[in-house]
Amino acid sequence: MNREHQREVDKRRTFGIISHPDAGKTTLTEKLLLFGGAIQMAGTVKSRKAARHATSDWMAMEQERGISVTTSVMKFHHNGYEINLLDTPGHQDFSEDTYRVLTAVDSALLVIDSAKGVEAQTLKLMDVCRMRSTPIVTFINKLDRDGLHPLEVMDDIESRLNIQCSPLTWPIGMGADFKGTWDIRTGRLHMFTPANDGRIASGRIIEGLDNPELDEALGEQAVTLRDELALLAEAGNPFDKERYLKGELTPVFFGSAINNFGVREMLDTFVDLAPAPQPRPATTRTVSPYEEDFSGVVFKIQANMDKNHRDRIAFMRICSGKFTRGMKVRHHRIGKEVALANATIFMAQDRTGVEEAWPGDIIGIHNHGTIKIGDTFSLREPLKFVGIPNFAPEHFRRVVLRDPMKAKQLQKGLEQLAEEGAVQLFRPLLGNDYILGAVGVLQFEVIVARLKDEYNVNALYEGCNITTARWLHTDDPKTMAEFRDYYRSELAMDAEGCLAYLAPNPWRLESAVERYPKMEFRTTREIS
């Protein structure tokens, strides 16, 4: 490994932002881009009708609703680091896409609403992070509004997310009484200054806990601050980088993203603490980012990022080696050598051609239907990276076409949208139905809107008698033949040709499990 390679890997930080809906994640994403110099002025998700929409919410449906539906990938620089930021869907109906994004990052930033504490979606996402021991930094947001006491929020995080908190900044007051944050490491008070028209404002800084200026600025709140800091010093968790990197302890920052407050301190610390690109497990071995041969894995496919070009982009995480424009690599699933000629990097929907990229970088490659989620590309060695699954959907709909003459467009649209992984497509063994399965019901609405907008297909849904899906596996051909014969009307193939049992109710599933003990009923399926 040469020095350039090591230097490029070591300065990269690839992370995802996760939160419950409305905790302020997309706003914080904007502010990270603002402080990183990638944008000059932040738009706010709140004023959706204004000309400036949040940079990362670029799809029309996201701008209409003010929620993040797809995953945006953005690159910027800060303090000598190359940062790859993945803004994940915050809405509970998009957790499967969020999960796959978390397989492409080395760390995560968790955003918590100070008024609400830990919420349901946060629990699900933290389960995913725990599975991979992902290091987490926490930003407790909306201190400019009344909320829970910071000790209460941290206790909620520790008890419900099973991770210890180590505050690195500490808030003084909240809501109308919010005065700023104390930086525990530097011994400085950062006075709160509301943002001015989305631009960065620099507030007053007071040095030292015993500085008379502190009492002058805070009044009685200075006494409370000293008491709380003494309590933290005695009973709090000291920061331990090793425990952070193991996913056991989270450094905590407080602020107000909409006011650009507390963001710079968090970002400065984050890039110093967060891990550089990590080794990636493959079926045959673990691949180090410092290896010289190129390898990468596709974790997401987005159709029609530019409606004018009818394009699909495959998002690839580089795992090892160096990418150079036009390089020839092996696409292992189809066994072909391909040239990566037109790779791009992203700033939401803005794309820039990329001449070179390194481990940890996310590049987009044009996909004309040959690339799928989970595909591995490498220079020589046949590799298959693991850990990118499908989850069994919980909601199902039958797709009905209003205009029978558009059957081909419907099929093409459903297949392409299913390739993105946001919805799963099933074709029953009996009949010609299209059954869609999703983790959350809002995804069905998204699919119908995108079919109309991007494929000019008017479709609607009918309910169907399906409550759950399980992928089937057995090493006993006789068991499989018997099962297929007995449950034929309840079986379907998914988009990748894997057999699934679509159970009409939980009791029917229980009965099938009891009747066929040699059959595995799987709730996840590794993307092949």
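Glycine too: its Cβ is placed from the backbone N, Cα and C atoms.
Quick look at what Swiss-Prot lists:
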DOMAIN    10-278  domain 'tr-type G'
BINDING   19-26, 87-91, 141-144  GTP binding site
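Feature map: annotations from Swiss-Prot on the structure.
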residue: S19; record: GTP binding site; Cβ within 10 Å: 24
residue: D22; record: GTP binding site; Cβ within 10 Å: 16
residue: K25; record: GTP binding site; Cβ within 10 Å: 27
residue: L143; record: GTP binding site; Cβ within 10 Å: 27
In the three-state scheme derived from DSSP, which category covers D22 (GTP binding site)?
coil
